[in-house]
Amino acid sequence: MAFKLMRAAIAVAALTVATGASAQECIAPANPGGGWDFTCRQVGKTMQDLGLIDSTMQVVNLAGGGGGVAFAEVVNKRNDDDNLIVAASSATATRLAQGAYPGNSMDQVRWVGSIGADYGVIAVAADSDIQTLPELLDKIKADPNSVSVAGGSAVGGWDHLKVLIAADAYGIDDVRKVKYIAFDGGGEAVTQLLAGSVQAFTGDLSEAKGFVDSGDIRVIAVLAPERLDGEFSEFPTAKEQGVDAIGANWRGFYAPGGMSDEAYQMWVDKVGQLYASDEWKQVMAANGLAPLDLQGAEFESFVQNSVQQIQDISRQIGIIK
Amino acid sequence: MDTLMSLADGFHTALTFENLLLALLGTFLGTMMGALPGLGPSNGVAILIPLAFTLGLGATPSLILLTSVYYGAMYGGRISSILLNIPGDEPAMMTCLDGYPMAKKGLAGEALSLSGIASFVGAFIATWGLILLAPQLVKFALLFGPAEYFALFALAFATLGGVSSTNQAKSAFAAMLGLGLSVIGVDTQTGVPRLTFGEVHLYDGLDFLVAIVGLFALSEVFIFLEHRHGSATGAGHKVSVGRITPPWKMVKETTPTMLRSSLLGFVAGVLPGAGASLGSFISYSMEKKLVDRKNTFGTGDPRGVAAPEAGNNAAAGGALVPMLALGVPGSGTTAVLLAVLLSLNITPGPLLFQNNPDVVWGLIAALFIANFMLLAMNIPMVGIFTRVLMIPPRILMPIVAMVSFVGIYGISGSSFDLLVMIGFGVMGWLLRKLDVPLVPIILGTLLGNTMENNLRRAVTISNGDYWTLVGSPLAIGLWTVAIVGFILPLFLSRFVKARMHERRDDEGAISD
């Protein structure tokens, strides 16, 4: 009896790793619960609802090395798999730009398309006396030690870079002086903002949304080229406050470099159809995702520019040489 | 009154035939996954997400299914801890300490059913805590900044002496080894990889599950291989498994332990930076310090089984508080549940209770239902579980090895992790030979990283001023408990020993 039970449980476990020839698979290069995991699961679910794929998308969590394990796995072992896409975001571009995936570069895979962008925000607690982005940056300029900025990524990661981009645009000479405190995820960072341990938060709009709705935190700048739509339109952009800083955490997919052209085109079309659907518009609205509609070659050159830009900033602030 | 009305609405939502069926399925699968070494609650929940989507379930039924799996896995983790000395997941590690010795003494049935009851008590109290105290608890969690978290982890380490009753020096050595292992990976505070030797698989650090399965399960297999010509082949050896219900006396004796541990575990669960492992660990070591007068903890004391199980199940309930009330995951599993909420287009956060009351209260009602189901399911199933003990090792050990490999590969999909697991297996085998306890290694690895990060966050925020670590009343309070908990037993044991000597002298005098 115990054997039977064990066998049943193993079978359930095996179901998730089994990759049938026909089943579409999405690798989330992180543990369940993060942004990449969300990308795979949400896209898989919506594609299934829309009938774009005939069976449930297999979501495989291949965590490690900030996505580097999955990248290496795809390049080395799954290079000609036609049924595979991998969730990616600005964090992927950041690590590729900083050489944090040892021996791998962005041209080893094919870039499929984007499903939206999550613009960066800089926020303070609702009871803070800081009202605008220039006020915050002035404070940092005057005494960098007086302001701790919390974010969900490690030092050198995308959340950190966003605040540095803003500081750089404001004319703070040595951006390395900006005090950044790394937490395990945006949620923990916002919690510490509420607890009063830190003075400012840098992260994505979607991470901050719940707390903005409840009135606990105040967004002092969105790092978008222009004001966002709908309920987010009340947030001022950094640009209109005289700080020319844009930071979008795009979300999208790459596919194995050896994927056949037909399969690649099929995925590009599917992601395009998904993006165009009303269902996806609703998902984007509910999660604070802003439009970013790029597929195929367009997306490829977008990622290339993004990698180049991050490389420049990182070199400037001394994260890479 | 409002709360009770909402709860009644919640039960109204949850008590449909379909939902009950889902809860039953969830609790059963959860228990199984919890019992398998390697598969823990967070993987269990992640594995079943596709099932929820395939069945096209709405928000409430999906959450009912997945939280049933969560609670089920928390229950199930104890089974392999007690029967095989192999923790089914991280929080169940502490249950090994007294559960396995109990099983060896022929009390496996009692240990399993008692721990089932303890799990029930923990989860039950935690669910009530979640209902009645969620808003207030959030304010409490906000008192914890990096400095306070550091003090809390220091407190946990100060009670480490409670973990192993044998050799304190070896226990300290094991903890240090664990702390050393925890620094492997990219340091988030500087972005620099430490001790990774350019190996990208090590950038995120060592996976605790890989370490646990290697240290506990594989080393067991190695030890069996080593002795295979000896006693282990003795077929048909009679194993006494005990009765499947605990005697009332045992339940009565452990009731205060369960209640205390449930409270401690619940508090640990509520803090987003702490979690279930810390909950079961603190529950166990505090309980040992409080009631272990005769030094029976670690040798099969029923209280040593009840404490961590009540603690970790209460922590699982506690972890739902920051998830529901703040949208911040308090554990790996709640992070997965949050992702599910997002996929269902429900924005977690401070307004969840107002915007989606049906989801929240349906979920809470489902927790009660799942908890009762688990109790009803677990007690009769004890008889089935204990049969595992009757499987001769020459059949059981290959199964353990297979489940370990399949489980770890299934989670990470990486053969590198299998090599790491084998490495830990060899290390575990060696350390067992040297009589070094294994539990402090995992605790060091599990808690060391968070502890270090919080120390450095606190000091960075204060611009290098270490006084910040004792900068709030809460931090001072935690340090006081830590120091008293560490030093007091040293004096106390001397005092008790002196008293015992005295008494012996007295008795000697009388018999003269």
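Using N, Cα and C of the backbone, Cβ positions are placed for all residues, glycine too.
Annotations in TrEMBL come from automatic prediction, not curation.
These figures come from a predicted structure and were not determined experimentally.
Some features that TrEMBL has for this protein:
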type: DOMAIN; residues: B:20-443; note: domain 'DUF112'
type: TRANSMEM; residues: B:20-39; note: transmembrane segment
type: TRANSMEM; residues: B:46-71; note: transmembrane segment
type: TRANSMEM; residues: B:111-133; note: transmembrane segment
type: TRANSMEM; residues: B:140-163; note: transmembrane segment
type: TRANSMEM; residues: B:169-186; note: transmembrane segment
type: TRANSMEM; residues: B:206-225; note: transmembrane segment
type: TRANSMEM; residues: B:263-284; note: transmembrane segment
type: TRANSMEM; residues: B:324-347; note: transmembrane segment
type: TRANSMEM; residues: B:359-385; note: transmembrane segment
type: TRANSMEM; residues: B:397-430; note: transmembrane segment
type: TRANSMEM; residues: B:476-496; note: transmembrane segment
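Scored on C-beta pairs under 8 angstroms, the neighbour of the transmembrane segment (B:20-39) with the top count among B:46-71, B:169-186, B:324-347, B:359-385 is B:46-71. With a threshold of 8 Å between CB atoms, the same-chain residues lying at least 6 positions outside the transmembrane segment (B:140-163) that come near it are 94, 97, 171-172, 175, 270-274, 278, 281-282, 284-286, 288-289, 292, 297, 321-322, 326, 437, 439-440, 443, 447, 450-451, 453-455, 457-458, 461, 468-472, 474-475, 478-479, 481-483, 485-486, 489.
Here the transmembrane segment (B:206-225) has long-range neighbours at 37-38, 40, 84-87, 89-90, 93, 96, 181-182, 184-185, 232, 393, 397, 400-401, 403-404, 407-408, 411-412, 417, 420-429, 431-432, 438, 441-442, 445-446, meaning same-chain residues at least 6 beyond its ends whose C-beta is under 8 angstroms from one of its own. Within the chain, the transmembrane segment (B:111-133) has long-range Cβ neighbours (under 8 A, six or more residues past its boundaries) at 3, 7, 71, 74-75, 78-79, 82-83, 95, 98-99, 102-103, 242, 244-246, 250-251, 254, 258-259, 261-263, 265-266, 269, 300, 302, 305-307, 309-318, 320-321, 324, 364, 367-368, 371, 374-375, 378-379, 382, 385-386. The average pLDDT for the domain 'DUF112' (B:20-443) in the predicted structure is 84.
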